[in-house]
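The annotation active site, nucleophile is assigned in TrEMBL to 23, 25. The Mg(2+) binding site annotation in TrEMBL covers 23, 25, 250. Annotated substrate binding site per TrEMBL: 220, in sequence order.
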């Protein structure tokens, strides 16, 4: 049973939780505008000494760009350990892969420049579509040279995604079980105002369909991000009680599914992808609903 947050229950909701995990797009801002009540909510959580984290499936921005966004919207200071993106989650994930050696193996990456820059900062060796010939040349009897050192193929959001990039991914993945297939997130779409545009999940699905390979997801709804949040809290000497952690998101199939997978509380906000009618169509457990946080300030 979903509880609708009201002015009365809002204060109880704050007191009931020690840590809050926010999605960004559709929760903090939408189409370049700060969403109602969010600044006051973050300031209130700061004042109440609550722990706040920001967990986004957006791989198109570098940490510095996220910090600039926070400054632009006059949000509380954003610390590096507070922000988790698919790119920051990738580095610890790679260390768990038995077939990848950082010192010699490479990653074939499809995405945008901040995605590439962050991976390079983690010391990862990348090749991109620009390092290859055009796969369409294969139809004219020409060869497309692949890098034999590639052991991971990864897709992030790419506004310039093309048939050529999907073909290169397919060439690396088809009949190559030694190449791990990763994707930043499964989001089928993302919000821009009242519109929705194809997201990373739509690109991933195309390659999965072409290759018969299933991508391993790095971000939400996988549980890996919470394991990192847990470590951050434990280093501060805080005991993590999952019942006192709340995920605030706008997307049922990633944000709220993440909360369900982890076993934490969840709050769906109607300022992004999902609306209140969607709550009746899902089996995913959702604890709270709010139209927007401006109702409480």
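Cβ atoms here come from the backbone N, Cα and C positions, even for glycine.
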Starting from each candidate's C-beta and looking 10 angstroms out, tell me which of the recorded positions 25, 250 has the most other C-beta atoms.
250
Can you tell which of the recorded positions 23, 25, 250 lies nearest to the residue listed as 'substrate binding site' in space, using Cα positions?
23
What is the one among the recorded positions 23, 220 whose Cβ has the most other Cβ atoms less than or equal to 10 Å away?
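It comes out as 220.
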Look up residue 250 (Mg(2+) binding site) in the DSSP assignment and reduce it to helix, strand or coil.
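Where residue 250 (Mg(2+) binding site) sits, the three-state DSSP reduction gives coil.
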Between residue 25 (active site, nucleophile) and residue 250 (Mg(2+) binding site), what C-alpha distance do you get in Å?
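A Cα-Cα distance of 8 Å.
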Between residue 250 (Mg(2+) binding site) and residue 23 (active site, nucleophile), find the distance joining the two CA atoms and give it rounded to the nearest Å.
8
Suppose the Mg(2+) site is 23, 25, 250. Which further residues of the same chain have a Cβ inside 8 angstroms of that site's Cβ centroid?
24, 26, 27, 28, 56, 191, 249, 251, 255, 272, 273
According to DSSP, collapsed to three classes, what secondary structure does residue 220 (substrate binding site) have?
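Once the DSSP labels are grouped into three classes, residue 220 (substrate binding site) ends up as coil.
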